[in-house]
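**Student:** Below: one structure in structure tokens.
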Amino acid sequence: KELEVLQSIADLTVKADEQAVFKCEVSDEKVTGKWFKDGIEVQPSDRIKIAHFGRTHKLTIDDVKPSDAGDYTFVPDGYALSLSAKLNFLEIKIEYVPRQDPPKIHLDTGGRDNKNITVAAGNKLRFDVEVTGEPAPVVCWMKGDQVVSEAEGRVRVETRKTVSSFVIEGSERGDEGPYTITAANPVGEDKAEIFVRIVDVPNPPENVKCTSVGEDSAFITWDPPSFDGRVPVKGYLMERKKVSSSRWTKLNFDVYESTTYEARKMIEGVLYEMRVFAVNDIGISQPSTSSKPFMPIAPTGEPTHLGVVDVTDSTCALKWRPPEKIGAGGIDGYIIEYRTEGSDQWVQANEEPVGKNQYRVKDLPGGEKMLFRVFAVNVAGRSPPATLSQAITIREIVENPKIRVPRNLRSKLIKAVGEKVNLVIPFRGKPRPIVTWFKDGALLEDKTVGTRTSEVDSILFIRSAERRHSGVFTLSVQIENMSDSANINIQVVEKPGPPINVHVTDIWGFNAALEWKPPKDDGNCEIIGYTIQKCDMKTKEWFTVYEHNRRPSCTVSDLVMGNEYSFRVFSENICGLSDDPGNSKNTAVINKTGLIYQPKPYKEKDMNRSPKFTAPLVDRSVIAGYTTAISCAVRGNPKPKIIWMKNNITIKGDPKFLMQNKQGVLTLNIRKTSLFDGGRYSCRAINELGVDEVDCKLEVQGADFPLKYLEDKSS
């Protein structure tokens, strides 16, 4: 590709100390080249500068000297082409007297107020100032003590001939302030000041909150923005949204000037949020922080049945019932206020709403007549007040002490050994009485018996009753020289011991006469009867003959001729039968004549036996995904060890299986069966006398197994 010369180098004639500029232009902006003077390559220096801008190549010589005269040539790299020109040095010997004028800064350029300059944040500011003077003055821009440089930057100074330009790219709030321009030359100095004012959109409004709500409305307030952008705020725009939604809805299109707004047409019981925008002549601010969620709800009705429960010399206890009308917002609590009769200044008694329907107002002036009122509070605010119809005089009311024994404690209280005892004895009296407990006439000092006393009752409690706790407990309440007391009789009982000296006294016909003596330990209560059992020595099985027999003797009838019998007797009280029986020390043999009585020493029966399953495992078919269980029953003495197996592999440590043993009934629970749980299950019982084993087959069907088939199987 050939290189075209668009502009050749022109010959120059210059004077001493002037500037000589050789410039040429070629068609290809990527072409580089070299400059030569009289055939020698020109090297750049402080006075000689070589530049390449696009297609233009320039050689600049400052402060031309006589030695700079000669032929200058530009040779493009890679092309057989050269451009030449001649530099002629002109020597003029003229005596020059320079003109001298003091510098002058002209701020009235453009016919506007140049002392104060206003610019919107984010916009560009360019302020041109004409500066004259001879020789040319040096211009300096400063903000405070900081010099504004002429280097490339967001805030900079540009100079051309007699104009100095102050430039700010993308104005910011920090650029605001006074700026000083100074022009100086050897003749003098001039100075001027300007003030740059940055205006912006305002900051968002602050502290947006809901102050009160109605059935379908809410009052919203906020504080003006902390910075108005140097332009007065014209008003506000509001938006709201449901908490469950992400869509904001505009509430006004025209600017709203007040900082209080009533939002309407909302749904009761739905949570909303609000946000606010501030507006000035520059624009709209960012949105404020959303308010705390609020719910449009109508206030509740006033509390009902407000009354006085108690009065002391400095307090008054109030009680009331909830309002008859309670909206969707429910009740957050109650506020109690009081005032002295004749005053119109109500004082709030509680800082936070109380949740209970009663409250004791404290620190009241003694002897004064006070009025009280109660508000119900929810998110909608306070309800109408419930007010006492007449004033209450604040003074202590003396009331004689009186114990109110509950009906169930007026008779003897019977508790079994190990049971808990918890007695609540209410009393009344003012001022608060002194409460003392006694046991059997002595001051109660047993550490296993606890007491706790409040203003209206006293509690006696025993965590685990023992027979030594039996006795008469006395509660005494005293106010000065007035007192009252009440007795509570507690009897701690347990099962009795066995009857003693059980023996056969006579035999006739098919009958046998038994006698015994009452047990040594009656369980701390009356023996109410005896249970008599007989045992045929052939079958070794016991049968009950009499229950609740009142006398310590009986006659056993309907005995079998030729059989030998043994007898045992259980004693009984209100706790039940004794744990152990009293066994007869002899036996009765019934012969043909029915007249022979043959005592025989009692021999304890050997109960040891090898394990034996009394109920086998049964094959089952179940549906996958459901919990199932297989069961069997075993007996043996000593108690056998039980081993469950699946397909002859011991089941151990698998949380899917739960093994239970209740009185010899063995159960294997299989949680959420799957197809892999099918197979043959077996149960093995082992003790030192032998081994026994039963098994069954468990079939697990898929979830689509016909329901009718299962119903037929179950039937």
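Cβ coordinates come from backbone N, Cα and C, glycine included.
Pasting the feature list from TrEMBL:
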| type | residues | note |
| --- | --- | --- |
| DOMAIN | 1-73 | domain 'Ig-like' |
| DOMAIN | 103-195 | domain 'Ig-like' |
| DOMAIN | 204-300 | domain 'Fibronectin type-III' |
| DOMAIN | 302-397 | domain 'Fibronectin type-III' |
| DOMAIN | 401-489 | domain 'Ig-like' |
| DOMAIN | 498-593 | domain 'Fibronectin type-III' |
| DOMAIN | 611-699 | domain 'Ig-like' |
**Student:** With CB pairs under 8 Å as the measure, which of the listed stretches 1-73, 103-195, 401-489, 498-593, 611-699 comes out on top against the domain 'Fibronectin type-III' (204-300)?
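**Tutor:** Answer is 103-195, with the largest number of Cβ pairs below 8 Å.
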**Student:** Per DSSP, what is the helix/strand/coil residue tally across the domain 'Ig-like' (401-489)?
**Tutor:** 6 helix, 53 strand, 30 coil
**Student:** DSSP helix, strand and coil counts for the domain 'Ig-like' (611-699)?
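**Tutor:** Counting residues by DSSP class gives 3 helix, 58 strand, 28 coil.
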**Student:** Reported in the order helix, strand, coil, what are the DSSP residue counts of the domain 'Fibronectin type-III' (302-397)?
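**Tutor:** The domain 'Fibronectin type-III' (302-397) comes out at 0 helix, 45 strand, 51 coil.
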**Student:** How many of the residues that make up the domain 'Fibronectin type-III' (204-300) does DSSP mark as helix, as strand and as coil?
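**Tutor:** Helix, strand and coil residues of the domain 'Fibronectin type-III' (204-300) number 0 helix, 39 strand, 58 coil.
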**Student:** List the helix, strand and coil residue totals of the domain 'Ig-like' (1-73) as derived from DSSP.
**Tutor:** 3 helix, 37 strand, 33 coil
**Student:** Could you break down the residues of the domain 'Fibronectin type-III' (498-593) into DSSP helix, strand and coil, giving a count for each?
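**Tutor:** Secondary-structure breakdown of the domain 'Fibronectin type-III' (498-593): 0 helix, 52 strand, 44 coil.
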**Student:** Could you break down the residues of the domain 'Ig-like' (103-195) into DSSP helix, strand and coil, giving a count for each?
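**Tutor:** Split into helix, strand and coil, the domain 'Ig-like' (103-195) gives 3 helix, 57 strand, 33 coil.
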